[in-house]
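J.: I'd like to ask some things about the structure below.
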Amino acid sequence: MPTIAQQFGMEEALAQLGVKAINDGTSTGNEWFSNGELIESYSPVDGQLIGKVRATTAADYERVMESATKAFKTFRTMPAPQRGEIVRQFGNKLRELKEPLGKLVSYEMGKSLQEGYGEVQEMIDICDFAVGLSRQLNGQTIPSERPKHVMREQWHSIGVVGIISAFNFPVAVWSWNTALAWICGDVCVWKASEKAPLCSIACQNIIAGILKDNNLPEGISCIINGDYKVGEMMTTDVRIPLISATGSTRMGRIVGTTVAQRFGKSLLELGGNNAIIITPTADLKVVVPGAVFGAVGTAGQRCTSTRRLIIHESVYDKVRDAIVGAYKQLTIGNPLDQKNHIGPLIDKDAVNTYLAAIEKAKAEGGKVLVDGGVLSGEGYESGCYVKPAIIEAENHFEIVQHETFAPVLYLMKYSGDVENAIDLQNGVAQGLSSAIMTNDLKEAEKFLSFSGSDCGIANVNIGTSGAEIGGAFGGEKETGGGRESGSDAWKIYMRRQTNTVNYSDELPLAQGIKFDL
Ligand code: NAD
């Protein structure tokens, strides 16, 4: 019987990506070195060891920073459209390697193969976006109040960008940051998640080849590996003006404070507690797939996963029955096999957190509609496969107020106007993604208005998860306030400078102030 890895050609995929059994986890591009302990990467799909990555030590980190700070001085002088050309080549290489990289994402992280490919597609999309943007890093000309004066705004490269990423998007988050940072003239140091380190080796190999082919120096793309202590080397380092950190709110609180203390900038992409409001006019054909995919896709391990359904009492029974019915059709198993809807959680700690959440919800008075539990037996040997659960709950329950990074969906009722549902939707500490299902224009517009959803993402007749790269991505409140990817998110990777030029023969002061000598 072939193993899952053999069945899906993992050996070939790893070879194509240059991922070995034991890898150095520190790199400045084409140079690899590392003197720390070995991190073992086990697949949550079948519990098998995929490979090992040597962690970064303080001395390794110093070598990376020397290389990165040196590279920045030359990279920023390269015209932005030429930097865009590098990113274009990177996107093309990703097109060629979409299959092996998508497989590695799926096997190392546990998301479905389709989602693994989707994640690589997001990388390609952001590269395309960044290429166009490399000719549009425009400042403005501003009318001056003084005669024969010109005011303008320019955007300059910021320096070394530190990227800290979460396990659940082990490659896309890196590219959302790097594609933009590179066209902006910055160099990047990436600390990957210790739960998916092999993905970082693969990504670095891809970009290193491009940089070499273009005779670019070491230091433009660097990776470091290890746990939070390696992350701290960057957050405390004054040589890094911007830290982009994706992960839990717990992590963001520490990282945000540390970076702020040294007056660095941080871009925080943290946890969500996303809800869909289902109104009386909602179309069940849209509601059911939107809510079910949102809640169980990636086994509930997306920052935008649907955690709460806020359903109008007049349609509550009908919606509840339809969702519970749909859950009965879900198949759980090997995510590389396309017949399965749900793969594993990342590890056994995540399984324990999931089990504890269900117990807590019950203890607080929640009513279980679809029971959870851990699957065992053939195909579930990793111990990371769980059943998605649905629990009737109240918004104020402590457990509902927290993000549980697993497929646990809370159903709750609202009565009266949509404003009551919006209050519930906003009545949590997080503010990432939100949605309303309605065919009532007024309800939709209220939801999107200044007194509507308080989230960074607010959708109508679409679920909470699955954003496109063209929009700015991120959320408010405990989600951290950062925005990355599309729209004008590029501005965080640059520093703004206001220039005033006097082409007269006098020196008039602003605000009409006189200073005669
Ligand atoms: P995590 O917070 O445990 O770890 C994320 C990263 O932060 C890891 O690389 C980790 O090593 C590092 N880290 C942790 N503590 C640190 C510290 N004190 N200093 C420096 N680095 C530190 O998160 P996770 O379990 O990998 O990912 C799941 C979480 O990420 C969820 O809360 C999810 O909502 C969130 N997430 C948010 C977004 C978003 O865009 N808003 C996207 C993906 C994931």
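Heads up, residue numbers simply count up from 1 along the chain you see.
Using N, Cα and C of the backbone, Cβ positions are placed for all residues, glycine too.
Quick paste of what TrEMBL says about this protein:
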ACT_SITE  Glu269  active site
DOMAIN    36-498  domain 'Aldehyde dehydrogenase'
J.: Are there residues of the same chain, six or more positions away from Glu269 (active site), whose CB falls under 8 angstroms from its CB, and which are they?
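T.: Looking at Cβ-Cβ distances below 8 Å from Glu269 (active site), excluding near sequence neighbours, one finds Val173, Ser244, Ala245, Thr246, Gly247, Cys303, Phe473, Gly474, Gly475, Thr479, Gly480, Gly482, Glu484.
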J.: On the 0 to 100 pLDDT scale, where does the domain 'Aldehyde dehydrogenase' (36-498) sit on average?
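T.: Mean pLDDT across the domain 'Aldehyde dehydrogenase' (36-498) comes out at 97.
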J.: With H, G and I counted as helix, E and B as strand and the rest as coil, say where DSSP puts Glu269 (active site).
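T.: Where Glu269 (active site) sits, the three-state DSSP reduction gives strand.
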